Amino acid sequence: NTINGLEGDTDLKFLLGGGELLKLRSSSWMKARFYKLQEDCRTMWHESKTCTKSKQTFSIEDISAVRAGRQSEGLRKYTDELLEGRCFSIIFKGRRKDLDLIASSDEEAKQWVTSLEKIMSNLNNLNCQQKTQHWIFNCLRKADKNCDSQLSLEELKDFLHQINIELDDLYAEDLFRQCDKSKSGYLSEEEIKTFYNLLTRRQEIDEIYAEYAKTTGFMSAENLLDFLIKEQKEEATLADANRLIDQYERDDKAKEKQLMTKDGFLMYLQMFEGLVLNPTHKAVHQDMNQPLNHYFISSSHNTYLMEDQLTGPSSTKAYIRALVKGCRCVELDCWDGSDEEPVIYHGHTLTSKILFRDAIKTIKDYAFKTSDYPVILSLENHCSVEQQKVMAKHMSSILGSALITTPLEDQMPTEFPSPEALKGRFLVKCKRLNKLEVYFTREAAAVNDDTLTEEEDEEEDEEQQKKCKKLKIAKELSDMVIYCKSVPFNGFQDAKDNLAFYEMASVKEGKAIQLAEESANCYIRHNVDKLSRIYPAGLRTDSSNFNPVPLWNAGCQIVALNVQTPCPNMDLNQGRFLVNGKTGYILKPAYMRDQMSEFDPITLTRGPWLQHKTLHIMIISAQQLPKVNQKKTSVVDALVKVEIHGVPADTAEKETVHIVDNGFNPMWNENFQFDVHVPALALVRFVVEDYNYAFDNELIGQFTLPFTSLQLGYRHVPLFKDGEPLSSARLFVHIMIMDA
C-alpha cells in the first residue's frame, strides 16, 4: 500500500527501513530511539532501545512542519553549535509536544528532513477519493487480525466499528453474504473490493448524476454544462465543462469521447471547484491599496503563550503558529531580564520566559510565510530605559530595512499607507515621545539627533518635558513608532478633537463591547480614520476567547484573540480571514469606510448595507465522520447545526435530527431557511456534533466561511477541528440564495 507515485522511491525506502535517532528533552535527557515508517505509509513508529515494550506511533498527517537545524528553543539551549547540521525538529499540529532529534551525521539529518517532507507533501496532495481509499484500506488491514488478506464475518464487524458504523448483526451478515460469492465464509481480495464499492456508494450522487447523464448513460460536456448552469448557478461555458472532464475523469475511454462517468463526477464534486467556498476567493481578490485601517486585521493576544495565562509555557513556537495561521498583529510583553537581555512573559505570573531577541528572530523568519502583507509588533513595554535600548537594537539589527522607522511619505500624511505599500514590512506599536509631525518640521534634525535626550531639549515646553520623563521611554525605541502610537482612550469626542490618525488605543473587551452596543455608529466613524485594538479581559486566565463579531460590526480592526485556544469564537476568526489569499487583511464594506456613514448594526436603519437575502440550505449527507469517543464499541450519532453570525438581526441557528449509529455515511435531507439582512458582515458556520442525551453534544468538526463566499448548488463542505482539517470528513449540501 505505497503512496501514490512513490513506488520504489529512495526516500520512501529510507523511511520504511527506519533508523536510530537521539531524542532530546533537556540537558539531562537525551535518549536513543528507533524510528521507522509503517507499511501503511501514514504512521511513524518508534521504540526505546532499552524497553522494547515502549512502542509509540504518530500519524504523518499530525505533522505541521519538519525544520532542519537548531531552530527549536530546546535544540538551541541544550546542543552545541557544532551539531547544527545533525539536528532537526518535528513540529506537530495542536498541543502535542514537538520532537527534537539528532542524527548521526549531517547527511542522515538531511535525508530524514527531505524524506519526511516528501511523504507529507504526497499525503497532502491526495484527492478526496484517494484519501478515502487509503483510510478504508488501512482500517481493513487493522481488522484483518490474522493477516491472511481475508475477512471473516467477525473481522468485518470489527472493521465497520473502526469506520464508525454500527450495523445490527442481521444486516452485517446480509452484507457479508452479498459479497461472499465463493460461499467460503470469508471475503477474499476481489470480494473485499465488491464490499468496498457497496460501502462507498453515494446514493444521493447517483440520483443527481442520473438526472443529467443523458448521453448513453454518461454525462457529455453539454450535459455537464447543463448541470453547472442549472444547479450550480455558474456562468460556465462548454470549454469549462471540457476542462473539468479532462481534469477529473479517470476512465481513459470515456475521456477520449469527452464523457464524464459517475466516478469522474464525484471526483469533481469533491475537489475545490465543487466545495462550498468560492475558489476565486481563495486568492487575493480585494483592493489592497486602501489605507491600512480600512481592513479587518487578523490579530493575536499574548502571542507568546502556548496555553493558559498563569502557569503555562511561553515559546517562540507560539509566534510561528500565529504567523503561519496568517496573524498580522502579534503581541510581545517585554520585561527586564538578566544579563541586560529583555525577556517576554506574562508579567507577575508563573508563565515561563523567552528572550526578546529570540522572539524577534522567529518573527522575522516566519512573518511572511503565509502572507506578504505587513506585520504589526504590538509591544507591551515594562522594561527599563536601558533594556528598551537593547530592544531597539535587536529590532534594528534583526529586522533591518524591513522595519518601518520613518514615514513613507515626503510630507506629513493624513492617513495610513495601504497594506500593498507596506508589503513585507514590520510596524511597531508602542508609546512614542513626540508627534509624527517632527519628521516634517525644521526642528526634525534636532529632535532626531542621537545625542539629544528629551530632557535636554530646551525648546520643549515644561508640560512636554514632564510627560517625557513620566513615560520613561528610550528615544531609540520611541523613534521606531511611526504609524501605531499607543495612547489611552478617553472617548470618541476626545479622539476626534485631539488624536492624530496614527494614535491608537487598546480597549479591553468589556468596555469595547459596551461601546459597540451603545454607540455602534460612533465607533464605526471613529474607525474610519483610526485603528482600534481590542483585547481579552484579564479574567480569561484559561486563555478563552470572546465573540469577535460585535467588534467587527463596529468597525474595529485589530480584535486580538488567544489563537492557541480552539473554540467556536476562534472558528469565527478563522472563517473571517479564510478568504482573500489568507493575507490576514479583509477589506471592510464601503459603508464602514465612510466618515459620514449612518450604518448602525443594532438599529439597522435603511441604507446600502441592507441587502436582504433568503438563504436556503439543504443538509443532504455526511461522509467519514471520525469517532469522538475512541472506545471500540462507540459509534457517532451525528447531527448538523447551521449558524449565521453577523448583525444581531441575522444571528440564527438551526439543527437537524441526529442519525443513530452512523458516522460513516449519515443522510438527513433536511431543509433550512435563513433571513440575512447584511450579507457583507455575515459568517456561515456548519457544525457537526455527536449527539448525547445526558450531556452536551461533542464537536466532531466544523467549517466557517463568509456568507459572500458561498458557492451555490450541490457542494461538499470540508470539516475542521481545532483549526486543522479532518482528512476525509465532509458534509454534502445544497445551497440557494434569493433576493428577499
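Placement of Cβ uses the backbone N, Cα and C atoms for every residue, glycine included.
Taken straight from TrEMBL:
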- 14-121: domain 'PH' (DOMAIN)
- 131-166: domain 'EF-hand' (DOMAIN)
- 167-202: domain 'EF-hand' (DOMAIN)
- 231-258: coiled coil (COILED)
- H301: active site (ACT_SITE)
- N302, E331, D333, E380: Ca(2+) 3 binding site (BINDING)
- H346: active site (ACT_SITE)
- K429, K431, S506, R533: substrate binding site (BINDING)
- 477-593: domain 'PI-PLC Y-box' (DOMAIN)
- D637: Ca(2+) 4 binding site (BINDING)
- D690, Y691: Ca(2+) 5 binding site (BINDING)
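Its Cβ taken as reference, H301 (active site) is surrounded by 26 other Cβ atoms within 10 Å in the chains shown. Remote same-chain residues near the coiled coil (231-258) are listed as 208, 218, 220-222, 224-225, 264-265, 267-268, 271, 273, 711-714 (criterion: CB distance under 8 Å, separation of at least six residues from the stretch ends).
It is H346, among the recorded positions H346, R533, whose Cβ has the fewest other Cβ atoms within 10 Å in the structure shown. Figure note: comparing Cβ neighbours within 10 Å for the binding-site residues K429, K431, the maximum is reached by K429. Neighbouring residues of the recorded substrate site, listed in sequence order and excluding K429, K431, S506, R533, comprise S378, L379, C430, C484, S486, M504, A505 (Cβ within 8 Å of the Cβ centroid). Within 10 Å of Y691 (Ca(2+) 5 binding site), as judged by C-alpha distances, the recorded positions found are D637; the full candidate list was H301, N302, E331, E380, S506, D637.
Within 8 Å of the centroid of the Cβ atoms of N302, E331, D333, E380, where the record puts Ca(2+) 3, the same chain has further Cβ atoms from H301, T303, Y304, L332, I344, H346, S378. Here the C-alpha separation of N302 (Ca(2+) 3 binding site) and H346 (active site) works out to 8 Å. Of the candidate recorded positions, H301, K429, K431, D690, the one lying closest to E331 (Ca(2+) 3 binding site) when CA atoms are compared is H301.
Close to S506 (substrate binding site) in the fold, though at least 6 residues off in sequence, lie S378, S486, F489, R533, I534, Y535, each with a CB less than 8 Å from its CB. Take the Cα of D637 (Ca(2+) 4 binding site) and measure to each of the recorded positions H301, H346, E380, K429, K431: the nearest one is H301. Counting Cβ atoms from all protein chains shown, D333 (Ca(2+) 3 binding site) has 21 others lying within 10 Å of its own Cβ.
Among the binding-site residues listed here, namely D333, K429, K431, D690, D333 has its C-alpha nearest to that of H346 (active site).
Around E380 (Ca(2+) 3 binding site), a 10 Å sphere centred on its CB holds 18 further CB atoms from the protein chains shown. Neighbour counts were taken as the number of other C-beta atoms within 10 angstroms of each residue's C-beta; across the binding-site residues N302, E331, D637, Y691, the minimum falls on Y691.
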